[in-house]
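See structure below.
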Amino acid sequence: MSDDGSNVNAETTSKISEGVVLREHSNENLLKFDTHDKYSTTSAMKKLIMKELPPPKTNAPPEPLFNGLLRMGKNPNTPLLFMAFQTPEDSAAAAELLRGMQFRGKKQWREVPVTQRDLQLTHKGASKKRPREEVAAGQSKVSQWEGYSMEEQLTRKKEHCMQVTRVIAPTNVPKEQVFTGIHPSPQQCGYRNHVQLSFGYTESGKPSIGFLKGAMVEGTCAIDSVLEKDIITMHPLAKVVASAVLSVYDEFASPEKGGLEVFDKMKQRGFWRKLQVRHNVLGEVMIDMELDIESIDTTLANLVKERLSSVLQSDTLKEDLRKEYGKDTASVVSAQYHHGTGISTLPPDLPRHTLFGTSTLTEHLSGLQFELSPTSFFQVNTPGMELLLRETVALAELTPSTTLLDLCCGTGTIGITLARYVKRVIGIELVESAVRDAKLNSERNNVNNTTFYCGRVEQLLPDILNALPNEDKKDIVVILDPPRAGVTPTVLKWIRGTPTIRRVVYISCEQKALERDCPALTKPSTKAYRGMPFDVTAAFAVDLFPHTPHVEMVAVLVRREEEEEEEKEKEKEGKENNNTNE
């Protein structure tokens with residue numbers, strides 16, 4: 001955005017992507033401030049503004065920092081900060097606060113007139129913004145589609161997957177032949193075996209535990225308490241455990257007992273911060289708490305830990321868990337904690353301290369057992385994952401001579417489960433604790449044809465492929481189960497350039513990544529992407545996340561034969577000649 005010196009006073013009306021009728025930005029509802037800071041990003045500016053706020057007078061979460069804030073932007077190469085608001089009144093209220101801001105305690109932030117060029121660029125940016133996921137009225141952000149019937153949810157997800165198939169599959173094949181359909185989740189309510197809860201204050205100012213309702217920059221620091229409402233996606237076991245832990249908070253909340261508060265995101269302090277609850281198919285529970293344990297003296301810390309251990313192992317809690325789950329095996333078998341402070345995201349390999357029980361939880365999947373650490377990734381819907389694996393086996397065409405490359409393998413769930421169908425499995429994963437768990441999982445299940453490596457796929461894959469015996473290079477199948485960011489171009493190039501990789505099974509939790517990654521494998525050969533291209537021959541989806549817009553989609557890509565490629569080239573040339581003659 002730039003300043004061309006011409007101010008604008010016009011107001012018109014339009015609809016933004018969210019479907020709400022709003023004014024277009026004018027000099028009345030678009031703010032422009034010179035912060036004197038050329039290098040900070042938008043995120044850094046948000047944090048700076050939050051720090052300058054006066055402390056709230058009560059424990060109740062404050063009103064939103066900027067009512068009606070639509071978006072906020074700053075290019076790190078310019079000191080100019082832009083904020084777009086829904087109404088001129090919202091803009092004026094925010095401007096009053098921002099005028100008090102200073103750069104490094106010296107230079108006052110200065111409001112700058114909005115120009116025609118500014119308005120054009122902010123409108124242009126707004127038109128490109130993707131619409132937010134539709135949320136049924138009154139629903140939690142962790143169950144956005146609860147208000148829709150399961151039939152409606154599956155219809156929407158099927159349409160979404162069909163659209164993805166149109167993007168990734170060959171143009172000359174009917175998409176109905178490629179995408180075989182969506183499989184409903186075997187369990188539709190309370191299916192989550194893992195939840196990450198936050199301590200905080202509800203909108204009424206009551207200390208509790210639940211899910212964050214919104215972003216801090218909007219002042220929405222309140223939580224949706226899981227104790228005051230039922231979350232349809234969360235298993236009731238987690239609610240029972242959360243209630244027990246909160247009872248320990250109550251005991252130590254008074255000043256005479258220590259005055260240990262829940263985390264206040266605005267003040268950036270509080271002893272009780274987060275609670276992770278994970279359970280397996282037997283109802284056995286592992287919890288991991290984030291506590292600001294170093295902020296209190298050793299005597300008080302020991303009292304808190306002793307009380308937590310007592311409550312979580314009590315007969316009362318065991319009875320409540322068994323009643324809720326319907327199995328005598330339901331109980332807390334592992335309780336751990338780690339230290340946390342501030343608002344920064346903590347590294348996943350932060351040391352854990354065990355209150356009681358084991359350091360891992362044993363999950364049961366497809367007749368196998370998997371040891372999970374608190375930071376291990378494991379699908380939140382166990383019955384749905386078993387269904388996905390069965391369908392994957394049917395399409396992957398694995399043989400006793402196959403070498404299976406399980407890239408981004410996590411704790412080895414997929415590779416170990418499919419090991420019985422192939423000659424050998426090679427897994428690569430970046431997270432060290434996950435690789436450690438994968439090796440333990442292989443040993444625990446007496447699976448002897450697996451090898452797991454820790455590191456980046458693009459760095460390890462070349463040497464691993466070169467070291468394979470020739471007989472193990474003849475039939476290589478790749479399983480790609482990447483994080484939401486997708487697969488790096490280097491990995492895709494190695495897959496494309498390795499002719500013995502005949503099939504790729506891409507498991508996608510984020511279909512934008514699938515759409516972005518597939519062309520590197522399916523487009524004609526180039527200098528960067530050598531080797532015969534792949535074709536998407538089959539795809540299906542499993543509704544692993546009922547009551548949300550998310551879906552797990554699997555695409556199977558098969559290496560094109562040289563004769564088939566020649567036929568395609570001849571067909572292409574024929575079409576070009578016909579067009580020329582016409």
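The backbone N, Cα and C atoms fix where each Cβ goes, and this holds for glycine too.
S-adenosyl-L-methionine binds Gln379, Glu429 as TrEMBL records it, and from the list Asp315, Asp320, Asp328, Asp481 the residue named for this site is Asp481.
As stated in TrEMBL, the feature region 'Disordered' covers range 1-21 out of the listed 1-21, 169-189, 337-357. The residues near the S-adenosyl-L-methionine site, meaning same-chain residues not in Gln379, Glu429, Asp481 whose C-beta sits within 8 angstroms of the mean position of the site's C-beta atoms, are Phe377, Cys408, Cys409, Gly410, Thr411, Thr413, Ile414, Ile507, in sequence order. The number of other Cβ atoms within 10 Å of the Cβ belonging to Asp481 (S-adenosyl-L-methionine binding site), over all protein chains shown, comes to 23. Of all residue pairs in Gln379, Glu429, Asp481, the annotated binders of S-adenosyl-L-methionine, the farthest apart have Cα atoms separated by 16 Å.
Counting every protein chain shown, 17 other Cβ atoms lie within 10 Å of the Cβ of Cys509 (active site, nucleophile).
For the binding-site residues Gln379, Glu429, the ranking by surrounding Cβ atoms (within 10 Å, all protein chains) places Glu429 first.
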